[in-house]
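Noted in TrEMBL for the protein shown:
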| type | residues | note |
| --- | --- | --- |
| REGION | 1-24 | region 'Disordered' |
| COMPBIAS | 1-14 | compositional bias 'Basic and acidic residues' |
| REPEAT | 33-74 | repeat 'WD' |
| REPEAT | 75-106 | repeat 'WD' |
| REPEAT | 117-158 | repeat 'WD' |
| REPEAT | 159-200 | repeat 'WD' |
| REPEAT | 201-242 | repeat 'WD' |
| REPEAT | 243-284 | repeat 'WD' |
Amino acid sequence: MSSDLIRTESRGSRDCNVPQQEDEAPVRIERTFRGHTKAVTSLSFSPHLDKLASGSKDNTVIVWNFKDTSRAFRYKGHKSDVTGVKFSPDGLILASCSSDCCIKLWTPTVEGKSRNLTAHSSRIRQIDFSYDGKLLLSCSDDKTVKIWSMPQPTFLSTFSGHINWVRSCAFSPDARLVASGSDDRTVKLWNVDDNKCLHTLHGQTEFITSVAFHPSGTCVASSSADRTIHIWDIRTNQLLQRYFAHDLNINQVAFHPNGEFLLSCSDDTKINLWDLESGYLSSTIHTHQQQVNAISFTESG
């Protein structure tokens, strides 16, 4: 699905704050995983869907057996809260990042020591792998985004240009571009080959909390503390849609693998599923008692 199928008005971008449809299907909880002693900050499914990784403010990473919700491994080693976790596309590496300025690389089938990257000079907010697993991306409160070669981690380059903390970063599906979102209220698009900033996207009035590429690679979604989600056509830098999405700060957005839906979570304790073609709120999941910090789709959706 391309951005041509994301509904817009003829005059330009479309504001989407339509009430959810009354015939929405009920959402059923399939599994609940319990084991962290503090808030869960991040999630990642393994590519084979047999494992789920979670990071927490209790400084640990837990790898769960997905089918029976049992704990496979608990990884300790970070000296502060774990802010991000991500499986490599082949599932052989689990990366975690932390407020301790360190990236750790774990073997998710073995309980043991990690390889460590002293990556940034301040808190690391998020990490991402390229589609082929050859590159690792990180962003930080030191206002930079960095790229590492994998699987033997070697520092490659730094993207500098934001003037405040960088909270979120993501590779495009072909790994030619990087998107980053910052407390300077902008989203930047970077060329991986030469480290140059191609475009800076303005429009949200508070800090950017999350960025995500559409599976087609033609669009980027950004969420903000201003409680909106913007969807941008990165070929034209045009704002396609603006969702008035939640009652409180939005913490993360994620596109469904088929490109037809967008998921968002918030401090308002809700997870919302948006139909991108119609602009409707398709359904709301309201099963958490406190803020929802992280969401993730499986590869199959």
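Cβ coordinates are placed from backbone N, Cα and C, and glycine is handled just like the others.
With a threshold of 8 Å between CB atoms, the same-chain residues lying at least 6 positions outside the repeat 'WD' (75-106) that come near it are 38, 41-48, 51, 53-63, 113-129, 131-133, 136, 138, 140, 148, 150-151, 153. In the repeat 'WD' (201-242), helix, strand and coil residues by DSSP number 0 helix, 24 strand, 18 coil. In the repeat 'WD' (159-200), helix, strand and coil residues by DSSP number 0 helix, 23 strand, 19 coil.
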